[in-house]
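Chemist: One structure coming up, written as structure tokens, with questions to follow.
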């Protein structure tokens, strides 16, 4: 038996847990909104479920999502939650006006002045108290915005307070506008440092306010979005990121305009041309230390200064890379991406093919397009040349990049230090810390580029054998140095140990689809799970072979079947699915009909019982068993009244009968 102190301690812990955490259902009931609206509100406010340890989860359920109670209570009086409730009330008014045919009221309700809208300005200020915090979230924001700027909208709507399951025209236009403004800023400020073309799209990296921002732009191609996909979670993130980037871009553009104005003023006054350097001022990194500052603070400032100097050196190499070069981009090349790289590196993009004003022509064809004549003074290169020059921070020789030539390997600058410079090495080391699984192999093309940059460079491992061995024998766990074993350390195994070592499990080929603890299951459950192939337990070898043979026979029959047999099999599967759907629909209809019949019969029976009760009361009044009260609003039982009077005469009190529960006899659908 549990001691009373232990029971009390359990109760106190449970109550404390309930006060500190709320489940998703409790949170939605507290906020009086649906789960879809609650999820959207949490995304906008930056509130996420909490991962609890097992002891806490056992108190209220292992499969539930838990939120901090104080965070949910903050949402009760939040402006966005209030606007959501106002929108629900507005929807009811619109439906009422449509049902009653009030066209004038409907026009007034649908105007932008009456329709509720929410603002994310206060939310962004809450989530990002400092500007550098917003810069650190730009990578995810721009990747998502570029994705939805490429997709075509499916719903025409300018507002976002409604919960749309597909991309709206308003969000699509705003996403395209933000992408254009971001590309314009990166090109004007010349902060682009790396680029890479992959099968997913174009990867870019820029240094903005001392932070490395990486984003992905998808390849632009004709697409058709699959129907029936719910996108409201992604659209909620998109809405927030668009509003955040509006603030970020305004700040960046205003700072850039101020820096350009200061530079021009300084050039006019002093005649000194200064580089258009990015402002890396960031809090304590540039603060002047007091005399009595501690060593930890001095070390942090020193690291920030070294990081800042490396980034400045990296930007200085890229900004004047294509200075004096003019590129003409052919029509088959995506001009948006290559114009961004060229402009960010100090080059110019020509709109017309005028050989006297052009130095390079970017063509993605095996030969020149019709109508374009080849000139000897021009260099005709493939698109990879632009990105390789950016990553090498050097105008590479065009050998191997000309039209019709086989291109060299396109190396990712995010996992390998292409230039072997201090700033690149520091960036790659940081990436490997964040992503330990990145392979440290250096391709031969990287050694060639390093040799071009620094003629005195000599590769330590040009063929990559050492790196290959390190990747092959490296493990996630740290290796422990084990001394070599001598003959004295050798111990012979016994017969049982040898037999155990040679024994192979009989269920080696069996697929494990679910992990189940066997001691907790009954024999019947074990048998059922073996039949359904859902248990992590030894299966009979004969059964396993039979299943494997059956699977192989099915695969063989599907490989050898004709198109007519395949069509017939597909048609039979479709018929089975349709039959199952019809059966399910029929079951649902039967349940609805039974529920409706139960409701109607309950109403009819209740009416009949009420009529019978009234008739019985009228009969008792006629027989004299009941009489009316003095005010005429109630009835009194004469026999019960006489008994009460006799008890009062004897000085006793008649025991009162408890009033019945009025909801006890009602049907369940009423309760």
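Here the Cβ of each residue, glycine as well, is placed from N, Cα and C on the backbone.
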Chemist: Labelled region 'Disordered' by Swiss-Prot, one stretch among 500-525, 526-551, 552-577. Can you tell me which?
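Modeler: Here Swiss-Prot associates region 'Disordered' with the stretch 552-577.
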Chemist: Could you give the residue numbers and ranges of same-chain residues that sit at least 6 residues beyond the compositional bias 'Basic and acidic residues' (634-651) on either side and whose C-beta is under 8 angstroms from one of its C-beta atoms?
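Modeler: Distal contacts: 617, 621, 624-628.
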Chemist: Give me the DSSP three-state residue breakdown of the region 'Disordered' (552-577), ordered helix, strand, coil.
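Modeler: Across the region 'Disordered' (552-577), the residues distribute as 24 helix, 0 strand, 2 coil.
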Chemist: When the domain 'BRCT' (317-403) is classified with DSSP, how many of its residues are helical, how many are strand and how many are coil?
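Modeler: Counting residues per DSSP class in the domain 'BRCT' (317-403), I get 25 helix, 14 strand, 48 coil.
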Chemist: For the compositional bias 'Basic and acidic residues' (634-651), jot down how many residues DSSP puts in helix, in strand and in coil.
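Modeler: Taking the compositional bias 'Basic and acidic residues' (634-651) as a whole: 12 helix, 3 strand, 3 coil.
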